[in-house]
Amino acid sequence: MITNLFIKSFTFSRSLKNFYVLSLLNYFKLKIYNKIYVPTLGVSLKRKRRSYSLNVRKMEITYLSQDLSQKIDNELMSDEVGYTTEQLMELAGLSISQIIFKEYKPCEFKKILICCGPGNNGGDGLVAARHLKQFGYNVVVLYPKVNDKTLFKRLLKLLEHYEINVLMSLRASDLDNYDLIIDSIFGFSFKGEPRKPFDEIIQMINNSNKVVVSVDVPSGINIDSGLSTNSLFINSDMNISLMLPKQGLKNYKKKHYLGGRFIPISIIKKYNLKVPCFSDDNPYVML
């Protein structure tokens, strides 16, 4: 009889523990759906608050014109605000590399070609190259038109220390060696149409059938309209906007991220900007 009593007691104890575990799991599961429940020892769970329906609102976000993009960018680097070009490039380049890592793992996209232009958009690409190298990718940079400013010389010097090859030219057949191409040629300052050597590079990229990711905007498009004066622009598979997306990307139908997360509260208030909510310490958000 003592043995039977022990077995029944043990069975009840195990059942009670299992019930607590299941109740705890249900608590967290239901909390995810904005319903707060308190696990009890009763048959059912006792509701503590009203539940709310999962109506997902469309993300509110400001799309910047070319003029406003330039104005905000200049203000960010003014003495009044305090950013430097180097700081903004580092923040942008890091978020670019983190988004690339999220979407294109190095086990599948081992070798990356980053095509950089002579301006700040190209500088973002040079920074991203360094981080992607640390993330385990085999990175090569195409930099056909070198910027002579000290900042860009220092970025190139860093690439040497990370053993990243920098090319000055490229043949169409060379693109077969890469799994992913990053378009960091032209940013929001671009006007007109692509000129040599970038017109040929854009054509080669579009003809390569490789996965292409554009930084800020697909190179060659009009920042405000999203069109191209001569139909020569990067046909990218994904775009990573910086600061805020540009007006020309309102109808962008492919995967679209926002990276950077560096607009101060004062600028947001001054220009009445609608900035999406970033998750905790995440420097990017999918649009």
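From the backbone N, Cα and C atoms, a Cβ is placed for every residue, glycine too.
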Subject >> Candidate sharing the (6S)-NADPHX site with Asn120, Asn121, Gly122, Gly123, Asp124, Gly187, Phe188, Ser189, Phe190, Lys191, Gly192, Glu193 (per Swiss-Prot), from Asp148, Asp174, Asp216 >> reply: Asp216
Subject >> Site-mate of Asn121, Asp183 for K(+) in Swiss-Prot, selected among Ser95, Ser208, Ser219, Ser225 >> reply: Ser219
Subject >> binding-site residues near Asn121 (K(+) binding site), in sequence order, restricted to Phe188, Gly192, Asp216 and a 10 Å Cα cut-off >> reply: Phe188, Asp216
**OP:** According to DSSP, folded down to helix, strand and coil, what is Asn120 ((6S)-NADPHX binding site)?
**Re:** helix
**OP:** Round to the nearest Å and give the CA-to-CA distance linking Ser219 (K(+) binding site) with Asn120 ((6S)-NADPHX binding site).
**Re:** 13
Original post:
Tell me, by DSSP, whether Phe188 ((6S)-NADPHX binding site) is helix, strand or coil?
Top reply: coil
Subject >> Between Gly122 ((6S)-NADPHX binding site) and Asp183 (K(+) binding site), the C-alpha gap once rounded to whole angstrom >> reply: 9
